[in-house]
Amino acid sequence: MVESVPIPPDELSAERDFLTAARSALARMHRDVEGREVPMIGGEDNDERFTNEANQRAHEQRTLALVDMPDVPLFFGRLDYEAGTIEELDRIYIGRRHVHDGNGAPLVIDWRAPVSVPFYRATRSDRQRVLMRRRYGFSDVAELTGYEDEPLTEADGADQADAFLRAEIERPRTGPMRDIVATIQPEQDDLVRAPLHPTVCVQGAPGTGKTAVGLHRVAYLLYTERERLSRGGVVIVGPNHSFLSYIRKVLPALGEVDVRQITIDELITLPAAATDEPESARVKGDARMAGVLHRALWSYVGKPANGILYSKGSQRYRVHDYEVVDIVAALRESTRYAPGRNALAQRIAHAVLVLMERRGESPDDRVQNAVARSKPVKELVDAAWPRVAPEQVLHRLFSDAGFLAEAAGDELTVDERAALLWNKPPRSWKSAKWSEADTMLLDELEDLIERRTGSLGHLVLDEAQDLSAMQLRALGRRCRTGSVTVLGDLAQATTPWAAGPWERVLGHLEKTDGIVAELDRGFRVPDQIIDFAAKLLPQIAPTLGVPRGVRSVEEALSVVRTDHDALADTLVASCRAALAGEGSVALIAADEQIAQLRDALADAGLEPALLGETGDEMDTTRLVCVPATLAKGLEFDAVVVVEPARIVAAEPRGLHRLYVVLTRAVSRLRIVHAEPLPTALSRLA
Ligand SMILES: Nc1ncnc2c1ncn2[C@@H]1O[C@H](COP(=O)(O)OP(=O)(O)OP(=O)(O)O)[C@@H](O)[C@H]1O
């Protein structure tokens, strides 16, 4: 809580009483919904079962959304309006969900409601009929400890909003990410409340609140567009399980429990069992592969050498080869692969029907279907337009250099083709093991063969700078009529297959009407650390500006040079010093080093956890050892980074990885090294 003028005890106790009343009202709402019988319709057919299940699920979710979370305050702010601004209410309490008194009177108003907007937007120069804004402070167990008033009618006054924001950012971290609903900043609010369409893409430096904005935007959209979104559903795609575990509690705390938070492989659902070299993963992720796959698939459609001879009784009907060639050529231009097979059979049958009519017969649709299913037509279709599985096409592409060269045309270089070919091709496509990048290619082929149907209502892509063109195409296919929130930072792109600038990303998603916005105020990282990390920007993202910090923290940054023998002791001492403060502590090092360093800390009696081992390390342990490749998106109050040069050397985009690692600290960053620092940093250190 920010230091401020003393609070009159009566007023504080009145506010506490109000909180207690609101809590009881929420408990009553929960009981009411829980006790309400779910309407069941009789009958056992699929529609009825589906409706009953949907009703039951909706009831469960509504009940869950009304559970009072003991550590999440029910409201966080209050607006006192000019009399008559809102019907019968001059004062509203703003919270994470709507609470009413049982007689229709609101006690707490949802932060997403239009009347709550001035809480985030009103200023002294544009006070939107607000007289006073009050912000509450709470203990860890959501006990109301105080409040701060900001009268908007006074011409000037200290900027309490900034002090409040700073206090909120620096509140020590204990466990997973928390919501920022009490302190959403105006530039963030613009994005949170942007309409469902068009797609929004947010470029933002580390700690500018992209993830927070994405999650609050989902909560906002579910509030304003619940009906529309419930049909297709909402999915958040994050880079890995550690990250998803870190963000998993934000939406439930905002009352939203029906959003899937998953990794891209879980969305695509084709299991990956092989790994790629970076270069072949890069080529496989490239947008040019879409053309290669298209040509490879359609090369299975041949030029029919023979027409057909269809016999019915004593009659013979001949469709000539050149006629079939014309039908095939026309269909290639107008259909996907699988429906093309059926269409070919029907068109040939139609040609037979025309011959029958010319002879004075009057065949109907049933005859056409019978002809289409007849043996000669089937045989011709199987020969000219064979059934193929995606795996079959990809297996041939990666094992047959001639086939690949033909499908690639001028699109791929000789080296790129070599990177795609298997050294030891599996014997058959059925026994092939596919990598993650392959699964995107299989997904593309599946859609070329038969158009994917259904669309998500909304999709959030976090850390989207790392996605390949082929991944983006697969994601876009799952959200053809929905919209996307794309979140990322090009400077943090660590994958060799990253698709590149945001306009290109939107193109791959087929959301070219998407809007690109930028967040440039870094809330997480103190000025000194931002300035230090930003020295890498000219090398890793020369077109991006340096983020603006919002706070400086005394002794935020230190660089400690040691020698190899003393490294472990220095790290133990650094972690001990960090643990002496409040909040979470991370030791981040190159993946190859981290297990050994964890053991060294454990031997010294520090009880560290290794991130990624159980999935809930950040909930349960103050000191977490983080492999550099898992640091993205996470944050800790204090961070110790070990041997930056090793982090850089570990992968092709090591400098980008180092930038990610250096920007994880909320209060203090200590860099410990025995090996020389990377050049860009050594000049400074
Ligand atoms: N308006 C705000 N009020 C309070 N805290 C905020 C606000 N905006 C951002 N933060 C805090 O700043 C930190 C960084 O936010 P977030 O993780 O969303 O940033 P990001 O842009 O996704 O970062 P990265 O690029 O590193 O993944 C979080 O602790 C978040 O709670």
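A Cβ is built for glycine as well, from the same backbone N, Cα and C atoms used for every other residue.
Annotated features in TrEMBL:
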type	residues	note
BINDING	Gly204, Ala205, Pro206, Gly207, Thr208, Gly209, Lys210, Thr211	ATP binding site
DOMAIN	183-526	domain 'UvrD-like helicase ATP-binding'
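Structure with TrEMBL features highlighted.
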{"residue": "Gly204", "record": "ATP binding site", "CB count, 10 Å": "24"}
{"residue": "Ala205", "record": "ATP binding site", "CB count, 10 Å": "30"}
{"residue": "Pro206", "record": "ATP binding site", "CB count, 10 Å": "25"}
{"residue": "Gly207", "record": "ATP binding site", "CB count, 10 Å": "27"}
{"residue": "Thr208", "record": "ATP binding site", "CB count, 10 Å": "27"}
{"residue": "Gly209", "record": "ATP binding site", "CB count, 10 Å": "26"}
{"residue": "Lys210", "record": "ATP binding site", "CB count, 10 Å": "25"}
{"residue": "Thr211", "record": "ATP binding site", "CB count, 10 Å": "26"}
Cβ-based neighbourhood (8 Å from the centroid) of the ATP site, residues Gly204, Ala205, Pro206, Gly207, Thr208, Gly209, Lys210, Thr211 excluded: Asp489, Leu519, Gly522, Phe523, Arg524
Structural state of Thr208 (ATP binding site), classified by DSSP into three states: coil
PLDDT averaged over every residue in the domain 'UvrD-like helicase ATP-binding' (183-526): 95
